[in-house]
Amino acid sequence: MDFRANLQRQVKPKTVSEEERKVHSPQQVDFRSVLAKKGTPKTPVPEKAPPPKPATPDFRSVLGSKKKLPAENGSSNAEALNVKATESPKLVGNAPLSGSLKPVANAKPAETLKPVANTKPAETLKPVANAETLKPMGNAKPAESSKPVGNTKPAETLKPVGNTKPAETLKPVGNIKPAETLKPVGNIKPAETLKPVGNTKPTETLKPVANAKSAETLKPIANTKPAETLKPVGNAKPAETLKPVGNAKPAETLKPVGNAKPAETLKPVGNAKPAETLKAVANAKPAETPKPAGKEELKKEVQNDVNCKREKAGAADNEKPPASPGTAPTFKEKLQDVRVAEGEKLLLQCQVSSEPPATITWTLNGKTLKTTKFVILSQEGSLCSVSIEKALPEDRGLYKCVAKNAAPEAECSCHVTVHDAPASENAKAPEMKSRRPKSSLPPVLGTESDATVKKKPAPKTPPKAATPPQIPQFPEDQKVRAGERVELFGKVAGTQPITCTWMKFRKQIQDSEHIKVENSEAGSKLTILAARQEHCGCYTLLVENKLGSRQAQVNLTVVDKPDPPAGTPCASDIRSSSLTLSWYGSSYDGGSAVQSYSVEIWDSVDKMWTELATCRSTSFNVRDLLPDREYKFRVRAINVYGTSEPSQESELTTVGEKPEEPKDEVEEVSDDDEKEPEVDYRTVTVNTEQKVSDFYDIEERLGSGKFGQVFRLVEKKTGKIWAGKFFKAYSAKEKENIPAEIGIMNCLHHPKLVQCVDAFEEKANIVMVLEIVSGGELFERIIDEDFELTERECIKYMRQISEGVEYIHKQGIVHLDLKPENIMCVNKTGTRIKLIDFGLARRLENAGSLKVLFGTPEFVAPEVINYEPISYATDMWSIGVICYILVSGLSPFMGDNDNETLANVTSATWDFDDEAFDEISDDAKDFISNLLKKDMKNRLDCTQCLQHPWLMKDTKNMEAKKLSKDRMKKYMARRKWQKTGNAVRAIGRLSSMAMISGLSGRKSSTGSPTSPLTAERLETEEDVSQAFLEAVAEEKPHVKPYFSKTIRDLEVVEGSAARFDCKIEGYPDPEVVWFKDDQSIRESRHFQIDYDEDGNCSLIISDVCGDDDAKYTCKAVNSLGEATCTAELIVETMEEGEGEGEEEEEE
């Protein structure tokens, strides 16, 4: 007999004490167990049944009663139910009851069902599975529970409701289509509601199923008004009443009880076949008690399911009707908030149900997402996902999934957090609240597939510890041809995101027409589309992330053909069929030394340019010219990378018809008999009110150096040509030095000394207008191919040098910078010279004891290195060195480096052993020997030099034996290398522990470095090393040291680089020492000290470690006082944060 026959004998439940309920709880029987034991008798074809009476009770009220109910028509289901009338049923889950089960509908408050779970009345609904192994719902003992409907073994009996994990929750009691669903509790009209069990008479109970007609079938259990609903599970509001247990599809709810064949009574839970009914409910073992799902989870699920269902009126048929079209999208699996480590994979998933299928749109912070190579959007059936292989900070924010079809749209969202700290291995993963889509296949009895279970994702590999940026790969210095494409690529490593910045001379490089910068996670590339001269320089790649920074540098040299020779070629010494053509060198050699010059000629007959000859010097003797033609000349410069454009064209020139005279005779006349041209000597003061352009036309540039630039000037009033020397003078100290030099030159009016004729001061420039000397440096003139070097020429040069220096000394002045670069030839043909550059000259008259610490190592006297008082004899030592080189092409003291050179000078060791002196006269050797005396008192003075037998020789009649110039050429090549690649820097700028006091060196007018001597060069002589720690008395305003820019506190990450920068002012140049926690710092690979001549000082600490966390002090000291500035370096070490897992668990 159908169990519903018992409903006719339903009596009002009797209240039982709490103790009795605890005693009898093992005999509770779940009503679904009763259904499982029933056979499948056949029933006649259902007839139309009359509408149910208002008093028809809900069958679940029977299960909540405390007594057995007699069966109708003499049959009883007491044995099937196995219930004692005096026993009270327990709630699902063995939770203690605070009252008896309430009636399902229209019952009084005291008769409503108590919460299903293990909660007290005042508590909200606990998860279905928040208790120990659930007891059967009826009053039967566990061993006496009803058999399942299908002839299954006891092991296949119904498992306790909810005895699975959250992802394995029971399938809803009604997994059928909307037409067959249990109506929401209380969502039908009063006429259709089931009256509560307690308010009905026995005669109003349900008729047996077999006798019922189709019209008399039970209405869905839940078709009552809100007031008649099952009380909420817990203290939930009516809107939170018992919904279908799981995420059932709307089309899978229970069939109507009536009007069905016996075998079809109460369709199985879910989509199971008749023989497999209620399998989803029963297939979990008691030991699989699940962890509770939170209150909020159930709430969301309940509300989800309510929104997913659509109410339909009318009774159900035997077969399930098809789903209604136009179902609004619903999210059966919603997005969950996610927290991932930077660099980990980010995966967001949700499941959307809709008919027809919805169009899915993803947004991040309101911006629509599209599939890229980094972000992958996918939709497989109802499963939608967003996948990002490596999450970055910009991927954090609010993600929203919007589903849209013909019905109203639906959406769900979640927050994604990307953190950069490594996640703890023991940290609890965020709880997964989503569920996977259910299988479309029917479950198999006795297997775990009865309920679709979402498996936990495999544990992710812990992310690598965050690291500061590194540059594991970077190009070496490069030399490229002009016009070539240049690509500088730096590979980067470390924790992303890493910002890459290219800089040149501390200025950031921006994309332009010629330069492109491309950054990626792999590195950064700087591309120069076509290299040009202005692209030369040092390029720095700076990489930074949140943990620190790192930089690397590369020097780029763009080589090209040289610039054309400056100025206009000049024809001189014009004879009957020859002339001497001279010109200036190129203003820029193209990054490679000019190897030769190509001379081109044009005549008035052929009227075309042709190459005449190739020479290495800046002058050439043109022969075989015809007197009836006019000639023009131009010159090209040649280096290893090509030939320059031609220079300006010379003026038209015609050769004379007078007979050619011997060259030597003419030179003798021009040198010995020719009188010095009269010079307009002037006393010059600096003009600060007018500009140089007011009086002179500024033409082409003749040269440049560290001091500034030299331009060709043409005096507007007279048309005379002068040289304008433009000095850079930014500070007041620099502007004071130039007038001092002009003041000395005002006293030096002599034919062998260059003259200053005017001076102007303009903003950052001071301009000196000087007498022009166009013959070039003395030693450059000597190695010219058309110049024959003999001892006779050497005597002529040394005589002029001695005359000029003698005049300087008579004025009480010492030059202190005599060297080949400061001896200039007046023209390209004769032997007349002039001394230039009086920037380091000092007055000895009334100066007392004067000590200096500057000079060029190869030509400086021992007393300068020893920091002893100087005298006029200091210049005589330099004259002796110049004479030694002039006659032999060898340098007496030059070593492989500056230290060796200084050691040789201080020891005054030299000799004439080389074969170069085999052809030199004894008088010449004696002259040199009397100048290169270590004791300056034993040296010849200028007057004695001019009276020496060697300089007294008659140059007209003496034998002119030609000397080899090969050694001189080698010497000049070595000197050129030293000037460009190994120039000595100013004293006070090089030292590992401290900066040594002294004067800043500067280049002479010809570009040769004039540099003070560093302590490193003096380490070979212990007796003089202390001399360089003393202050130097100079004719400059003395200033106490101070910092115009101080160092600042730094905070860096272990493994990166730190840099302290400051700027130091003061004179004499301060001694600078760096300290780390009161300990002086010695320069090494770890600690690098950089100091330029402008006073900028830097301490660079590479590969910072924890030991570098300290206070750093820069101290500057000179004779007037001292100054310090201090900053702190904070080093952050990389440590994994503790307690992170606990924080995540709390969340």
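Cβ coordinates come from backbone N, Cα and C, glycine included.
Over in Swiss-Prot, the protein carries these features:
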REGION    1-330  region 'Disordered'
REPEAT    100-111  repeat '1'
REGION    100-288  region '16 X 12 AA tandem repeats'
REPEAT    112-123  repeat '2'
REPEAT    124-132  repeat '3'
REPEAT    133-144  repeat '4'
REPEAT    157-168  repeat '6'
REPEAT    181-192  repeat '8'
REPEAT    193-204  repeat '9'
REPEAT    205-216  repeat '10'
REPEAT    217-228  repeat '11'
REPEAT    241-252  repeat '13'
REPEAT    253-264  repeat '14'
REPEAT    277-288  repeat '16'
DOMAIN    329-417  domain 'Ig-like C2-type 1'
DISULFID  CYS350-CYS401  disulfide bond
REGION    424-476  region 'Disordered'
DOMAIN    565-657  domain 'Fibronectin type-III'
REGION    644-678  region 'Disordered'
MOD_RES   SER670  phosphoserine
DOMAIN    696-951  domain 'Protein kinase'
MOD_RES   SER991  phosphoserine
MOD_RES   SER992  phosphoserine
REGION    999-1019  region 'Disordered'
MOD_RES   SER1004  phosphoserine
MOD_RES   SER1005  phosphoserine
MOD_RES   SER1008  phosphoserine
MOD_RES   SER1011  phosphoserine
DISULFID  CYS1062-CYS1114  disulfide bond
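Projection of Swiss-Prot feature records onto the structure.
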residue: CYS350; record: disulfide bond; DSSP (3 states): strand
residue: CYS401; record: disulfide bond; DSSP (3 states): strand
residue: CYS1062; record: disulfide bond; DSSP (3 states): strand
residue: CYS1114; record: disulfide bond; DSSP (3 states): strand
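Each of the disulfide-bonded residues CYS401, CYS1062, CYS1114 was scored by how many other Cβ atoms lie within 10 Å of its Cβ, and the smallest score goes to CYS1062. Note: the Cα of CYS401 (disulfide bond) and the Cα of CYS1114 (disulfide bond) are spaced 59 Å from each other. Averaged across the repeat '11' (217-228), pLDDT for the predicted model comes to 43.
CYS1062 (disulfide bond) is 58 Å away from CYS350 (disulfide bond) when you measure Cα to Cα. With a 10 A radius on its CB, CYS350 (disulfide bond) counts 25 other CB atoms from all the protein chains. Here the domain 'Fibronectin type-III' (565-657) has, by DSSP, the following mix of helix, strand and coil residues: 0 helix, 39 strand, 54 coil.
When the domain 'Ig-like C2-type 1' (329-417) is classified with DSSP, helix, strand and coil residues number 3 helix, 55 strand, 31 coil.
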